[in-house]
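Just below is one structure, and these are the notes that go with it.
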């Protein structure tokens with residue numbers, strides 16, 4: 001069955017999700033159709049930003065407008081909505097939408113996201129950490145907990161999707177007592193281009209000119225997908241002046257002693273086995289630009305593994321836009337199987 005999708009919010013993640021879907025469709029791995037997008041931006045701007053992208057380049061499809069409310073991408077026609085009144089006002093039922101990808105960043109609590117269900121959708125996937133959701137899913141880590149009964153689903157954050165495979169391998173193989181992480185993260189639209197007012201006074205500073213320390217909920221969110229680690233991890237982010245391509249540094253106290261070789265072997269086995277497609281193993285001395293447009297959630301850098309006694313440091317890269325958007329596509333496919 002083809003899963004019919006509506007996208008609410010056609011910004012960075014909404015457009016990346018659609019591009020990732022096109023890429024997977026070309027490979028024959030996604031039976032998903034986007035039937036509508038909703039955004040308060042005018043349709044000509046949406047079409048232009050889909051066609052031209054500063055990171056991903058030009059979309060290899062013709063993109064045009066048909067009438068006032070249809071975006072044409074190659075052979076596909078997408079209904080373009082401009083509903084401002086909130087999720088409950090969207091015509092998902094009339095359009096036969098099965099799953100909504102909620103990517104505005106505005107409706108991340110269950111009470112607001114439920115409006116999509118009231119409007120006729122069967123499931124909602126929030127492309128961000130959420131509150132009061134039915135389940136948070138990180139593919140490869142706890143997707144077995146999704147049983148079809150949950151209607152409001154969070155795909156967690158890009159950083160949690162990178163961190164969770166690290167913690168899973170370490171905890172499964174050696175046991176984690178506690179840990180601290182840092183994500184060195186590309187800047188995002190939540191930061192200022194130039195110094196200006198912001199509720200976070202560090203994010204108030206010019207994103208392209210500074211290393212900006214700020215918060216991340218990624219470590220604490222691990223407890224949602226690995227309950228045995230609840231309260232055992234914490235950390236923060238350092239936003240850096242690049243547009244995409246981030247890296248997570250995790251230092252953990254292990255229950256069992258392990259060498260660098262033991263840890264690297266465990267990650268290589270996981271990348272080639274149970275976490276294939278989610279976790280990637282690298283021995284090459286890579287830098288951030290090398291992993292841009294890599295679809296994996298977590299790209300393990302074996303050359304950076306360090307161990308002192310029972311304390312281990314592991315590092316994994318991730319394209320915080322493209323990798324995450326590919327997991328959104330995969331999660332839509334997973335949810336679609338339960339419809």
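Every residue, even glycine, has its Cβ placed from backbone N, Cα and C.
Features of the protein shown, as given by Swiss-Prot:
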- 12, 13, 39, 84, 127, 320: NAD(+) binding site (BINDING)
- 157, 158, 159, 188, 203, 216, 217, 239: D-glyceraldehyde 3-phosphate binding site (BINDING)
- 158: active site, nucleophile (ACT_SITE)
- 185: site 'Activates thiol group during catalysis' (SITE)
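Residue 12 (NAD(+) binding site) and residue 217 (D-glyceraldehyde 3-phosphate binding site) have their C-alpha atoms 20 Å apart, to the nearest angstrom. Max Cα-Cα distance over the annotated NAD(+) binders (12, 13, 39, 84, 127, 320) is 28 Å. Rounded to a whole number, the distance between the Cα atoms of residue 158 (D-glyceraldehyde 3-phosphate binding site) and residue 84 (NAD(+) binding site) is 27 Å. Put simply, 320 is the one of the recorded positions 13, 185, 320 whose Cα lies nearest to the Cα of residue 157 (D-glyceraldehyde 3-phosphate binding site). In this structure, the binding-site residues under consideration are 13, 158, and the one with the smallest number of other Cβ atoms within 10 Å of its Cβ is 13. Nearest in space to residue 185 (site 'Activates thiol group during catalysis'), taking C-alpha to C-alpha distance over the binding-site residues 13, 127, 203, 216, is 216. Across the fold, the C-alpha of residue 239 (D-glyceraldehyde 3-phosphate binding site) and the C-alpha of residue 13 (NAD(+) binding site) stand 18 Å from each other. Applying an 8 A CB threshold to same-chain residues 6+ apart, the list for residue 188 (D-glyceraldehyde 3-phosphate binding site) reads 12, 239. The DSSP secondary structure for residue 185 (site 'Activates thiol group during catalysis') is strand. Looking at the residues that bind D-glyceraldehyde 3-phosphate per the record, 157, 158, 159, 188, 203, 216, 217, 239, the two CA atoms farthest apart are separated by 19 Å.
Of all the recorded positions listed (12, 84, 185, 203, 239), 84 has the fewest other CB atoms within 10 A of its CB. Proximity to residue 320 (NAD(+) binding site), judged by a C-alpha distance within 10 Å, picks out 158, 159 from the binding-site residues 158, 159, 203, 216, 217. In this structure, the C-alpha atom of residue 216 (D-glyceraldehyde 3-phosphate binding site) lies 27 angstrom from that of residue 39 (NAD(+) binding site). Candidate binding-site residues: 157, 159, 320. Fewest other C-beta atoms within 10 angstroms, 157.
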